[in-house]
């Protein structure tokens, strides 16, 4: 086995998304000359050990790079593990059992494509690693896998002695050699002419067309038992490498759970799990029309060939994992009439007694109807059917084709064509006939019934109503002024679709359309310069929206809609066309399958060069948990643009905002997707407030912005928690740093971390944000002692009283109405601002210091004259007992007190207020014999708004650590010097002599020996140092 690996020079590493061969030799940095074999054998032997070590190091770097890039692919691959049947509808499940494209990092690669491995920084593009997306069969499925190999050994030998390595090349070349020696990459180039010719396809799915599902190898995978004779028809549109599909199914059965695309051999090429809930699909359009819509994105080149050669089959699956109910299949084929199709019909065998005639088992059909309502109106009918022939009718079989008004039993069309060679699977029959405008009107409203039966055996009959065509499509437009000189700010959007009964459902949204101008909204037909009004939609206009339906739609309107000649016009009393737009058809899938689009509005501060800029955006999340979006712009000049998704938890002041760049683009149209978006971000699209923004890439200016409606997220895309530790906003771990984005939500707005504010619910409460949680506390008013000339007064709107002159208090009490005088208003606005809080002149308050709350030991005041803020701290009285006996009555008490019965007189106590060298609790009460000016004039010192006399000593107080008793400061001739207390060796020896053995013999009433806390700490540190010293000396001597 080892020999085989050495011969192949590759080690295969299997992942969920592919088998990635890792090279056994370094090939990516070919410019390193040390890795190349030298011409001389002697030099080669000398460099062999170096090459071996460099090769091993290169292996590790390549493996690490591929692991990083493919890590996301591994996770995605596990999500898309192949499953034949759907799991429980309520749990997470894989929604793409067959994967027809490779995901390398976050880049999708087409099946059959090749590329150089890009490992990102710091490795970059590895030009000697060639990767390929290959098809690997796995349990009758084709699964795409990535395979990479070393192509350095495939380089041709250089024709010179000193070849060089060029940037972006793997193989070395000779200087001046213009021939490219690199291995050419096989990049499939699409043939535009080929794709233009393969656009419209259709399929009929009945029991008879599902013949290949009944083979011996397929019986274990599919159930074809169909007692109700369920049939279905499909339409396909191939557009820009994507295959859009639409299905009409029988009303006798519910919505299928999956769609498969298989080849002639029954190998599954692609499988899509359909979105189903208890109430049906989440799609508004599919619920309204009863259709099944979707798209197969990026069809590989090999599969396009299968589609072009009519070798592709489609399979509908019903049931679940426990029970497979039914599987219907049909061949996807081209039909010329599909290009002009206006109506469709699904033909089924009748069930008179709830049972199908055994001779009609597996019978069904579909009709492709094209009409023209000109001067000579006509109808073209293409029938695709089976099962209406007798056993002996094997040639030239006669049929009866009827179109009738079932309500009146009035036959409108009746012909008897003949089929030369009847087939048990597919028969195609084309008929044409003139038809009246009245009958076309009945056809457009779904009133006509089409019947195909055998002329010889009339009981062999299939029938169905003619309805709007089976294709899933909507028609949309942007509403904007058509004149560049227009000064209006009005804009809007419109989108419509056809129901099966022929009614036209419309949705119109406008912006800056004033109802006072009596707007008139109408459907118009635009043919050149002529504009004809067809329908008036004004009665349904309300609050900038017009939502409704046009029940009786004429054939002319229907033809104009499909031809792209129908538009929406908004007029006013002064302008016949304020804003308008022409409806354009779009297939329904992915982003356009959401509930409704959003209007991207021009911002007020936007540059005046884009006065009529407007946009429309669709956004949805598919069944594979990928985000899809589509943006259409109008009035935006050609430039490089950026599409951003903005998210905030709720619409509130100060809410945290996150922005994600979805894509950079240019032009007026963008259709894209975002793969592997985390579940936590997907759920925000449904639960949070989201905006879609279009920015200019160069100027960084916001051009358009629109608010997303609630985007529905499939249940299996929600985040899954594996334990009970569900994260709760506000939970925190003290060992972790506070996130800078942490905010608190209170009273309808957000506040930043450590921010303080007054509660909007109670203005006498102060709140603060700490670790994502808001805490509020009632304002504590300081105890005030007013002067004899002042009076305690509490004004309206203030939480605490303040001392004001008696005259001002009397005037305030006599005043019955609020101040209207300018002088009074100015006087009310006078005050001080501390932080973000305003305090009126003369007010006093305790500072709010979270998380401890109000500091009641400090009282701040706003000077009524100078508006200066002073915050002196409370001066504690001297203690009348030993400091060891003193205590604080509660945790927030400012001063210590002595226990009852422990006070001692000032004469008998060692510490007296007159001794400046002894410090008491917080500050000592000194006799105010001199003013501050006199103290400073006599050589005193001022430290932090506190005055010390010349020669006075004290311990400094730090706000974060309290009083520093081991540091002593002294004021000497207006200069402050601070020193830390130093302990001698004798002091430390004296401290250690007080042992526990001596304490046993001490009397209980004896005073405890004094222990200096500062010296004890220094002595312990010194002892530890001496204990370690012999060990170090021993190591040094050894």
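Note: Cβ is positioned from N, Cα and C throughout, glycine not excepted.
Looking at 54-74, 75-95, 96-116, the stretch flagged in Swiss-Prot as transmembrane segment turns out to be 54-74.
In sequence order, 654, 743, 769 make up the list of same-chain residues 6 or more apart from residue 752 (N-linked glycosylation site) whose Cβ falls under 8 Å from its Cβ. Rounded to the nearest whole angstrom, the C-alpha distance between residue 520 (N-linked glycosylation site) and residue 287 (N-linked glycosylation site) is 30. Relative to the domain 'CHRD 4' (592-713), the listed stretch 197-337 leads the set 100-175, 197-337, 339-471, 830-899 in CB pairs under 8 A. Per DSSP, the domain 'CHRD 2' (339-471) is made up of 13 helix, 64 strand, 56 coil. For the pair residue 287 (N-linked glycosylation site) and residue 666 (N-linked glycosylation site), the C-alpha distance works out to 35 angstrom. A simple way to gauge crowding: the CB of residue 520 (N-linked glycosylation site) has 17 other CB atoms within 10 angstroms, across all the protein chains here.
Residue counts for the domain 'VWFC 1' (100-175) under DSSP, split into helix (H, G, I), strand (E, B) and coil, are 3 helix, 38 strand, 35 coil.
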